[in-house]
Amino acid sequence: MQSRGLGPNPKTFAIITERYVSAGKPDKAVNIFLSMHKHGCPQDLNSFNAFIDVLCKSKRAEMAHKLFKMFRSRFRADTISYNTLANGFCLIKRTPKAQEILKEMVERGLEPTITTYNIMLNGFFKAGQIKEAWEFFLQMKKRKCDIDVVTYTTIVHGFGVAGEVEKARKVFNEMVGAGILPSVATYNALIQVLCKKDSVDNAILVFNEMLRKGYLPNGTTYNAIIRGLCHVGKMDNAMEYIDKMKEDGCEPNIQTYNVVIRYYCDEGEIEKGLRVFERLSTGDCLPNLDTYNILISAMFVRKKSDDLLVAGKLLTEMVDRGFLPRKFTFNRVLNGLLLTGNQDFAKEILSQRRIQHLNYMGSSSDFYQNSFDLPEKKPAATEEKEAEKAPAEKKPKRQGRSYQRKQESSILARSLLLLLGKFRLPLGLCCLVCWATHAVSEGSQAVAKFTSS
């Protein structure tokens, strides 16, 4: 920038410091903020407030407070400065400290705003201090604060999270009676409250009321209704709301589909869950890691060979899409294919290049390669070096008895696994066989050592 005659401005430093804080390097961000003046961009109150906000939102309120005490006199901290810092302590559930900040604010002659009160109110609810939150709201009324829709929405949502449905509904009605128009966020808070308490029918009534009054539901509204319907087993109705969502120009996101797929699978209707999954490939919404994990886990419920073939296909597809399966998922799928007689497909999965590049293939693949008698690949350079080092006539190396026993038990274990897989016997029995053969091997080695000593 400087080589082209362009100098950094406060926005430049705001972006840089935010990136450093997000990367877990707040000390570096502080140093950059303190060096702004060296680059011809002196700090001012706005840049100070912006930086304090970045630290607080990353839950580093203590660091923000230290910086605040250093510069509050120099920049003449304003209401925004104090509100930002109070919000930072509320985010980490330290409401007493937030109250101290606001007390200092008043002592310095600054008047709290409705934003100040809403920050504290939200902080009490986040900390689970429901009684304190309600008392604080009553104090706001006594002081004749200009209570707004944000205040009421915060209370409705807070009571909802605490399971106080009746109080949430009462506050909502009080807001309407006071002539304050609810926002979409307010309706969303009430709908979420009702759905969590299995009052999805009442939630739909609120949804319809919202439409009658000219409000446009957003993704949060629809997701709450769809989740509520799924929770009470009304899956077909949930799918109808997905279609309605599209008609209203509000595209379902992957969280919407994941909810429906999960509930279908939990109810044992795996085919319907797979049909919803197929809809993703034809639309603009693509599956994510959670989608694949939900479906792969569901494929093990019925313990059918065909289901495990589907699990294998899903595993391959998720890797092709760039998602890294957990080691547990990877091994579970391959073990399932082995134990249901699908060794050929398991071998095909292992032979795929993308699968071979998984960083946990080292220990797992050794067993699977031995099970299928797959040749272990070696780098070309390694093969050349081995060829150069090899003598002209190399005699076969004699192996000890312990090595031979180990090889025999390993071959026996693999043979039994493949045999058990062919007859599709339970996984527990297969594990018992592996353990028994391993124990026999260890025991024989111990006896050999004892007799030789």
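Just so it is clear, glycine is given a Cβ too, placed from its N, Cα and C backbone atoms.
Caution: TrEMBL annotation is automatic and unverified by curators.
Marked as compositional bias 'Basic and acidic residues' by TrEMBL: 378-394. The compositional bias 'Basic residues' annotation in TrEMBL covers 395-404. The region 'Disordered' annotation in TrEMBL covers 378-406. The repeat 'PPR' feature in TrEMBL is assigned to 9-43, 78-112, 113-147, 148-182, 183-217, 218-252, 253-287, 288-325.
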Legend entry - Long-range neighbours of the repeat 'PPR' (288-325), counting only residues six or more past its ends (CB under 8 A): 254, 257-258, 261-262, 265, 268, 270, 273-274, 277, 280, 332-333, 336-337, 340-342, 345-346, 349, 352, 354-355, 358, 424
Legend entry - Mean of the pLDDT scores, which run from 0 to 100, over the repeat 'PPR' (253-287): 90
Inset, instruction - Grab the same-chain neighbours of the repeat 'PPR' (253-287) for me: Cβ-Cβ under 8 Å, and only residues 6 or more beyond its ends, written as numbers and ranges. - result: 219, 222-223, 226-227, 230-231, 233, 235, 238-239, 242, 245, 294-295, 297-299, 301-302, 307, 310, 318, 321
Legend entry - Tertiary contacts of the repeat 'PPR' (183-217), as residues 6+ beyond its ends and Cβ separation under 8 Å: 149, 152-153, 156-157, 159-160, 163, 165, 168-169, 172, 175, 224-225, 227-229, 231-232, 234, 248, 250
Inset, instruction - Could you give the residue numbers and ranges of same-chain residues that sit at least 6 residues beyond the repeat 'PPR' (148-182) on either side and whose C-beta is under 8 angstroms from one of its C-beta atoms? - result: 114, 117-118, 121-122, 124-125, 128, 130, 133, 137, 140, 189-190, 192-194, 196-197, 199
